[in-house]
Amino acid sequence: MDLTTFLIQLLNALQYGLLLFLVASGLTLIFGIMGIINLAHGSFYMMGAYMAFALTSATGNLFVAILLGIALSALIGFLLEWGLFSRLYKRDHLDQVLLTYGLILVFEEIRSMIVGDDVHGVRIPEMLSASIQLSETLSYPVYRLFMSAVCIVLAVLMYWLIRHTRLGMMIRAGSSNREMVQSLGINIDLIYRLVFALGVTLAAFAGMLAAPVSSVYPGMGNQVLIICFVVVVIGGVGSVWGALVAALLIGLADTFGKVIIPDYAGLTVYLLMAAVLLWRPEGIFRRI
Amino acid sequence: MSETLLEAEGLHSFYGSSHILHGIDFVVRRGETIGLMGRNGMGKTTLIRSMLGHVRPRHGRVAVRGKTMTGSAPYLIARKGIAYVPEGRGIFPNLSVRENLLMAAKPGIDGRRDWTYERVLETFPRLGERLTNGGGQLSGGEQQMLTIGRALMTNPDVLILDEATEGLAPLIAKEIWYIVRQIRATGIATIVIDKNHAAVTSISDRNVILVKGKVAFEGSSAELRAQPELLHKHLGAG
Amino acid sequence: QGARKVRVGLMLPYTGTYAALGNAITNGFKLAVEQGGGKLGGSEVEYFTVDDESDAAKAPENANKLIKRDNVDVLVGTVHSGVALAMARVARETKSLLIVPNAGADEITGPLCAPNIFRTSFSAWQPAYAMGNVMAERKHKNVVTLSWKYSFGEQSVAGFKEAFEKAGGKVVKELYLPFPNVEFQPYLTEIAALKPDAVFVFFAGGGAVKFVKDYAAAGLKSTIPLYGSGFLTDGTLEAQGDAAEGLLTTLHYADGLDIPKDKEFRAAYASAFKMQPDVYAVQGYDAAQLFAAGLAAVKGDVGKRDELVKAMESATIDSPRGKFTLSKAHNPVQDIYLRKVEGKENKVVAVAAKALADPARGCRM
Amino acid sequence: MGELVLAARGLSRQFGGLAANKDVSLDMHRGELHAVLGPNGAGKSTLINLLSGDLPPSGGQILYRGQDISGWSPDRRSRAGIGRSYQRTNIFPAFTAFENCRLAAQSRTPRALHIFSRAQNYDDLRSAADRALEQAGLAARRDIVAATLSHGEQRQLEIAMVLATAPSVLLLDEPLAGMGSEESQLMVTLLQKLSADHAILLVEHDMDAVFAVADVITVMVTGQVLESGPPDQIRASLAVQEAYLGGGEPDDE
Amino acid sequence: MSSAIKTPRAALLATLLVLSVFPLFGSDYYSELLTKIMIMAIFAMSLDLLVGFTGLVSFGHAAFFGIAAYAVVLVSPQYDPSSLWLVLPAAVLAAAVAAFVVGLFVLRTKGIYFIMVTLAFAQMIYFVFHDSPLGGGSDGVFINFKPELRIGETQLLDLGDAGHFYYVVLLLLVATYVFLRILLRSPLGHALAGIKSNEHRMLSLGFPVFLYKLAGFVIAGALAGVAGFLSACQFGFVTPEILSWHQSGNVLLMVILGGMGTLNGAAIGAFAFVVLQEVFSALTKHWQFLMGTVIVLVVMLLPGGLASLTQRLRRLLLGGGSNG
Ligand SMILES: Nc1ncnc2c1ncn2[C@@H]1O[C@H](COP(=O)(O)OP(=O)(O)OP(=O)(O)O)[C@@H](O)[C@H]1O
Ligand SMILES: Nc1ncnc2c1ncn2[C@@H]1O[C@H](COP(=O)(O)OP(=O)(O)OP(=O)(O)O)[C@@H](O)[C@H]1O
Ligand SMILES: [Mg+2]
Ligand SMILES: [Mg+2]
């Protein structure tokens, strides 16, 4: 591999890693911080992608679609927490597994009933549709770089929210002892509802943003589900930076795995996860 | 008579089918220090939790500042200026010491800000040395200080200390009693549950002894000291 | 005898990634029946459906559902090759009649071939082999292939390689990525570095959409021509948009075929289901036609298995794709078209291979 | 004085920049109750954690009956006879008080891996469990699920469980905390009885109890041993007064 | 262990009775379906030993199921039936050895991390079978002849015969159930329950916790191997999909759906899961919608899973009885 190729692969790895972070960001919040095992994360991602498709077709503009989609998914998240999740906090965590599995099936079928089972594409907005020439044969789409930039902004915002705002402290406190948080006069139920909605919105937002490059198809949610959990867990549950670092590591492992050991490329991510967790049984950035 | 801050009337509470509180009347007025005593398992904690909304009483009434709030959400009751230091500590192990304190900070119901972050650290210098440590990494006594400090950060009108000196070294325990006396002067009421009866009666205005979920005695510290056999009978203390 | 309805078991994906394909096949099949006035080869039809979920682990059980629970006379399925292989096994064991309306695994009409197993679609080998010749003719010397690492992808590449290298070309590198991974960027970079004359790929569905878009976005489309087995651009053009414009693929069906049967079929399909048919619908339609040929010969008496099979084997199917017959191994002997993406259509450019028959390696029948 | 059972030799433990234990040495003899006092955060629990194996030391040695056990796992130390209780209640919340103790007793039996016999049927386990509950004053609450015991009762259970493992060394981290006066009294009597044939390390802030039962007292401050000696010496020590006990009795107004 | 749920003997015996006579009355198809349910029940019970009783939530249990299934394929000669004496122990041993090796690694982690490392190892095993020709690659492999049991020249059992097979499965189901029941009330069972409740305290009480967990993990793996062996024999088909995470997820769902920590619950979960699918998929193309809705309803309305339903009913009936 010559140097240019290597550098481009490195760029690929970083870009993929950032994309993974984007997709996993909502899970970092709902699972990592709030401690809810949410298998339906992929469904929210899919929901977002389909919203991007449907709303872009309707409005003709991806950005307008994203704004509408954000409002819609926040509402859905709010209602789900209110109607379902909030009633399970006192129960065994595995009940959440069951609930969210049921939701996957329900969402997938609702999608099928409303939009059908076809594969769809979403156009990249005109202003971002250019490409940058990297080598004589290869160029890089601006939209991907735009996505990466959004991911970085998102990571910083999330880190700030979780680590440096009182709201962030309350959310984290809520995951360890809700009763005590209440005793401090904090309406943790409402906070959880809002944060859950935010998590759902992030997942959907990821789907909307990724729709133009990933296309929109049935079952797309299930495909990202496992990798999202891998990102959150390798990073250390509850750590935003951890998730970012983990996502980048996975990006590297996956990209160079495909190049260096193509026959075992499917294994690399799991090898990485097993290795990391055996080395650090609580993820890279174990939180206090 | 000064304002009634917290009041329970004919309270009956259950855990599942076991009947724990059998018709308890209990009143906390402004600026009052009340000792709540009883052997292990007599229902002291249950009484507190019933008044704070963590346990929904099956019969009876809970009023906060004169307003009936039986079974209201705990955060609504807490917002009325009631702070709680639960037994067995309620620190957030995944938050740093600093965060444990800051997340709770709020002015009192009348806008008072007597207790600030700085003042809490002054009171418990030990905490100041451990600010970035996770709550879960503190020693037992340090956790206890943190819980008390955090409760004070909410600038309450009623402070409930459920075995708050458990695990505190004698010097610090004394510091706690000192604080209780001090804040009483500013009009803050305190409910103290503590195994050290001597210490409790030395600072309390009024004492309540629970036996099997019923009030077995209510009276001033002087009255209680005058009847040592009561202490012996209900608390097993010599 | 005539009173008994023929029991047709449809084992197709109705949920998951391939749901649209399963629906198209079902529609195609039902259209043929409707055109026969609700009858197939003169017999009334009763349907039994099972969602195979494209889950190979459940395949034998799902097939048994139709065979043992519903006692179907014919099993029609499916899309996913792994599932179809399992169905073929069950069919061999239970001697049930099986018509495969899509799955292209070479084995089905290779080592697994049997008198009671038919296919109305294609073998993985067929379009790929045809493409090998096309690319060699177009003077490409060094080619890189890329596909998912599963047997259907590997068979497509093998078919392509066989023809292409026989015609003097060279496959400089075979790239595979784990199924169903769709992160293509590392491979695109590698292709850009290798600078082959052209690239041959096998992808389908959502993966195909993403690949074609990524390939174009990486700027490779203009410098290194992309070819593929037809599924790359079938049922996906809407989603691929401009990125697919001009791509060349080979398949046994195309848009703009000048065949009366096709025009009639398209019109009927469009009016019945309010959407345009695709190759999957054609394959489903032909599955019905093939079975109809058999039924007609035995007048609906499915008990006469030998006669039924014989009639099916020797039938000439008047398919929208053009007439075809069956090889000894029961795979269509059919024209493979070279198609070019124009607008939202896979326009036929030429016949890439005339009456191409699968070599049916390993078939003893 | 009985034989030397457990000894710490220059134990230290760092937490990042903080030396929670620094060069701590201490002897525990059979038949002797050794109390460890010190302000909050002095490193008392850390010392117990080092002795019990819950934490690995950053330096120093632990000798058990003359053998260096610094590298042993906690379970191995426990099986060898070093039992401990926790400052933060650490019980099996889903089991009844009795089952908590029976499980503790089971850890002593070599048949722990027997698969084809009912655990319920072992009389010796049952009686060991019941005896432990009795000793800790919890017999009346035998069949209550631990999670629903009151705080003080859970503290009693904490002690009962250690007792059920019949250890020869007892490391007790604030056993009296959370207990009422009567239970404390009971516990003090129990400690006195046990100290006859056990080596006991007692960390406790209840001074009345400590001075009533201790044979030797070690005072720790900021991870180091400040002073060690018989109770009278400690009571008299100015350094100890200042660091830990504070001035005269404050509680009488 | 205090809440050890007492299932009335009568209910168990009645179930056993129904199961024993079912093939005499039920159709072939439904007997086969029941066979499959019983296999899944064995699988689910094996996982329940980990999830419900030891607190180890494994998300890679299908690996051991699949390894045993592949062992059947690899051990079976191509043109003859293999001997049950050989294949069953070989399959179970393969699963147990795999569980032992995997357990050595994964049991060092806890909680959610444990869930994910088990997933990681299972996925690696999945890719080994999927990407290598070892087990027929992505298309899977077939066993041409099912195992048989012979003594001398006489064939006692032929697993190719659906009837024989049914009773072999039933026998193994009962054996598994009884074995686990005995195990759970043995000292080992109590120790596992202790680990679930408070692992740290178990350690400080002197239990070699790692060894106990490993023992539990290997036993569960071996039992999953029994199920895997049976699954391979039922359809004679083994594909990498049976060790995918979907399969691990499905069996986990069965356990939770039925009610964790009750062996009957695991079996009920397996039964419900398969039967609901069967019923719903016959109704509509969108059957997964119904399935999902039912699952959501079960979680919301039946804490403790389906197994708690029987208890609720009983309480309701008994309560009603005493009032009247
Ligand atoms: N969550 C619960 N579920 C069931 N019973 C409970 C629960 N919590 C406490 N109890 C029972 O209620 C009774 C009163 O408990 P409570 O905690 O109020 O006692 P307490 O007076 O605070 O005792 P202590 O001094 O030990 O803290 C006890 O018998 C206890 O076992
Ligand atoms: N895991 C840890 N990480 C960082 N610091 C720790 C950790 N555990 C304990 N410490 C610190 O080490 C010091 C000693 O703690 P230790 O628990 O031994 O105190 P202690 O003497 O038992 O105090 P107390 O009487 O309050 O229980 C404390 O300052 C504590 O904050
Ligand atoms: Mg209490
Ligand atoms: Mg301590």
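Glycine is no exception: its Cβ is also placed from the backbone N, Cα and C atoms.
Just so you know, TrEMBL annotations are computer predictions that nobody has curated.
Keep in mind it's a predicted model, so treat the numbers as computed, not measured.
According to TrEMBL, the feature transmembrane segment maps to A:16-40 (among others). For the transmembrane segment (A:16-40), the residues of the chain that approach it from at least six positions outside its boundaries are 85, 93-94, 96-97, 100-101, 103-104, 107, 147-148, 150-152, 154-155, 158, 162, 171-172, 174-175, 192, 195-196, 198-207, 209-210, 224-225, 227-229, 231-232, 235, 237-240, 243-244, 247-252, 254-255, judged by C-beta separation under 8 angstroms.
Summarising the annotation, TrEMBL assigns transmembrane segment to A:52-80 (among others).
Annotated transmembrane segment per TrEMBL: A:142-162 (among others), in sequence order. Away from its own ends, the transmembrane segment (A:142-162) comes close to residues 14-15, 18-19, 21-22, 25, 28-29, 33, 124-125, 128-132, 168, 171-172, 202, 209-210, 212-213, 240-241, 244 of its chain (Cβ-Cβ under 8 Å, at least six residues beyond either end).
The annotation transmembrane segment is assigned in TrEMBL to A:190-212 (among others). Panel annotation: around the transmembrane segment (A:190-212), residues 19, 22-23, 25-27, 29-30, 33-34, 36, 38, 41, 44-53, 62, 65-66, 69-70, 72-78, 80-82, 85-86, 89, 121-125, 143, 147, 150, 154, 167, 170-171, 174 of the same chain, lying at least six beyond its termini, place a Cβ under 8 Å from a Cβ of the stretch.
As annotated by TrEMBL, transmembrane segment applies to A:224-252 (among others).
Taken from TrEMBL, the feature transmembrane segment applies to A:259-279 (among others). Remote same-chain partners of the transmembrane segment (A:259-279), defined as residues 6 or more beyond its termini with a Cβ less than 8 Å from a stretch Cβ, comprise 1, 9, 227, 230, 233-234, 246, 249-250, 253.
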Close approaches to the transmembrane segment (A:52-80) from elsewhere in its chain (Cβ under 8 angstroms; 6 or more beyond its ends): 44, 103, 115, 120-125, 193-194, 196-201, 203-205, 207-209, 211-212, 216
